[in-house]
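Scroll down for the structure; my scribbles are underneath it.
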């Protein structure tokens, strides 16, 4: 009996179970820190749901642990057969300390990124790693310190637990070969069961198996971060050449439903401008939500200049953003191309030549085009897209080195807005111009000059301060522009690239979070439309067709955009995030988790409306993905 007990405790079985227990505990520690870091989002969540998330997470934590202990278990067989000490044991120690460090880094970095992305780590981080300088520039000292502290806490806690549980307690050594092989087979069965998420499962585990709450943040916390990250990489690799949504509807059904949306029976466009060929200055506002503008239901005093602009402009008060990232926002607004989960068409160099844009259409009409940004445009291939699209003049931080006061992410608006005002006098005099100004300060690290110290935003005061700064620079630019001879012939467009987090902490895919400003302003705007608020539901991508139609330019190359000034255009907006796709219309608001094939929210309770919204969304994403693959 003593020999049996000795063989058992020196075998691969106990060693595997010890490693398995360690990783499950370590993932639980990562989850605890995630919840504590995002405690504001959990304030309204019942305590029992928070505790339940640890229990519900066990199958996915077990699966992740199973993958991590494959190599140690195989090496454990050699230790049972040949020797328990020496090189293998040293390698196993290095292997685990490396993994503890890697996962600690992933989880601690994810905590900081979650504030900005509102999603767990996914494959899109690889786009950012292609430009590591941009990541470093966008990080504030506070984020670096916080991430470092979380890393140290996770790494040294994990190392200590590993030392107590494994290094001191593990007694794997040479035993008789029948015991060694038998224990290896049992250990292999344990690992295989864990990787599949449990014993006797018919299909392997997926992230949907751990979802249990109506609170999205609870389900987000329940996901195993590293497991989800590597699955997102695998899923993207699998869907880069096929339509993962094609099974939603039959091809002919999807085609019929989609064309019922985009085939407009009649065009009686209402024209807002007094001129057919005005100059256009397009402000693409970084992360600028309607919460930041008082007339759109936002906080008071944050954007006084935009408040005044609305009084004299034409405003869409129910504009839904399609995008979640700047690169997606650029293609949405400039190419009428909706955002897709897990990918970006601007990030794909091979698709640039087949992606039309406002600039290309205006170039045919003799427009001069210019793009201004204070940061690096190499981010996600934006600069490559700009050149492919034919922009005549491109300015980013490389052209602004003579100016002082560069921030962490780049030069702030006061620098390149002034650069635009200097450059515009040198634009060709015989051409109208189209200029896009992409703002920067409402993105981390929020290191612009502080013009107003807001107090009511609690943990998001920095965002209010940054928005106030951007608004102030818009006001200064317009004040200077009014003295220029080109001002009276210029339409100003204000639209956000995507939404962002505000002190109201709306859920990521809520209607309120998705609302962004869209404003036309300027002397060419007909007087009868000034100060008017258009309350119809529109999408960010609609600006492409709408603007071109106002200029009486053909817009047939933009099937996913619509002319919202045509009374016959239907009201709807598609949107997406890393985990969801969604559909908004006057009667309904639908959010669908495509990973788990679950509706996470639907506003309507009427079956006919619910079914119609679901079919519209399914047909739209099928046609969008088909189009993406064919470009």
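Every residue gets a Cβ built from N, Cα and C, even glycine.
Site annotation for Mn(2+) in TrEMBL covers 326, 497, 498, and the matching candidate from 253, 256, 286, 365 is 286. Range annotated as transmembrane segment by TrEMBL, chosen from 64-83, 204-223: 64-83. Cα separation, residue 443 (substrate binding site) to residue 286 (Mn(2+) binding site), rounded: 7 Å.
Looking at 443, 498, the binding-site residues in this record, the fewest other C-beta atoms within 10 angstroms of the C-beta turn up around 443. DSSP assigns residue 326 (active site) to a helix. A count of other CB atoms within 10 A of each Cβ picks out 497 as the most crowded of the binding-site residues 286, 497. Mean predicted confidence for the domain 'Sulfatase N-terminal' (278-552): the pLDDT average there is 94. Taking the centre of the Cβ atoms of 286, 326, 497, 498 as the Mn(2+) site, the nearby residues of that chain (Cβ within 8 Å, site residues left out) are 284, 285, 287, 288, 323, 325, 329, 330, 438, 443, 496. Between the alpha carbons (Cα) of residue 498 (Mn(2+) binding site) and residue 326 (active site) lies a span of roughly 7 Å.
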